[in-house]
Amino acid sequence: MLLLRAVLLLLVLPTHGQDSVTEKPGGLLPLAKGACTGWLAGIPGHPGHNGTPGRDGRDGTPGEKGEKGDPGLVGPKGDTGETGVTGVEGPRGFPGIPGRKGEPGENAYVHRSAFSVGLESRVTVPNVPIRFTKIFYNLQNHYDGTTGKFHCNIPGLYYFSYHITVYLKDVKVSLYKKDKAILFTYDQYQEKNVDQASGSVLLHLEVGDQVWLQVYGDGNSYGLYADNVHDSTFTGFLLYHDTN
């Protein structure tokens, strides 16, 4: 340590003649006022404390606009808004192209059942089916001329009627369905006169049911008559068939 200090002192000592004058052309210059002769430099002191911070400088000029950033994440779906007002009805559009022709349908089956028959001679036997053997119409053969009975082959609603010529005797005729009298007709004969008696009814029949006419009562009420100018007829036909 002492050696270091001695070296420093030698370095700062003035050279010969420097403490008196400085030579200039024309003479010697005096020493600067206040200058010490033969002075020695001291040891450097410790660094001072940091000073207080200065005031903030002025704002700098705005920089250039940066590049556009990446899109942010999609936010959650918002609530459904209120329904808007119904718009005005638009103009009618043009007719569309006609569709293709459909397949032919099945032929509708028409149910038929009918007959119309008449007497060919007087009736003299009571309480048995009257045999109408004069056939006007019996295409389906549902009426049996040998028994005088109509046989139901199609279930449904039927209409039956009869028109009787009354001559020589009173007439009591009844229409039967399955051995039960359904309709009764009585006509009193007027002497030397030809009279008429008739009746009609709607009946629902099932397959196998039978319908016929016969004279009822005692044997004196069989005045049913027919000849070449007078007829007694029995008619029936299906109005509509059952669908189930």
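A Cβ is built for glycine as well, from the same backbone N, Cα and C atoms used for every other residue.
Automatic prediction, not curation, is the source of TrEMBL annotations.
Per TrEMBL, the feature signal peptide maps to 1-17.
Applying DSSP to the region 'Disordered' (42-105) sorts its residues as follows: 0 helix, 0 strand, 64 coil. The region 'Disordered' annotation in TrEMBL covers 42-105.
According to TrEMBL, the compositional bias 'Basic and acidic residues' annotation covers 55-70.
Taken from TrEMBL, the feature domain 'C1q' applies to 108-244.
Looking just at the domain 'C1q' (108-244), the mean pLDDT is 92.
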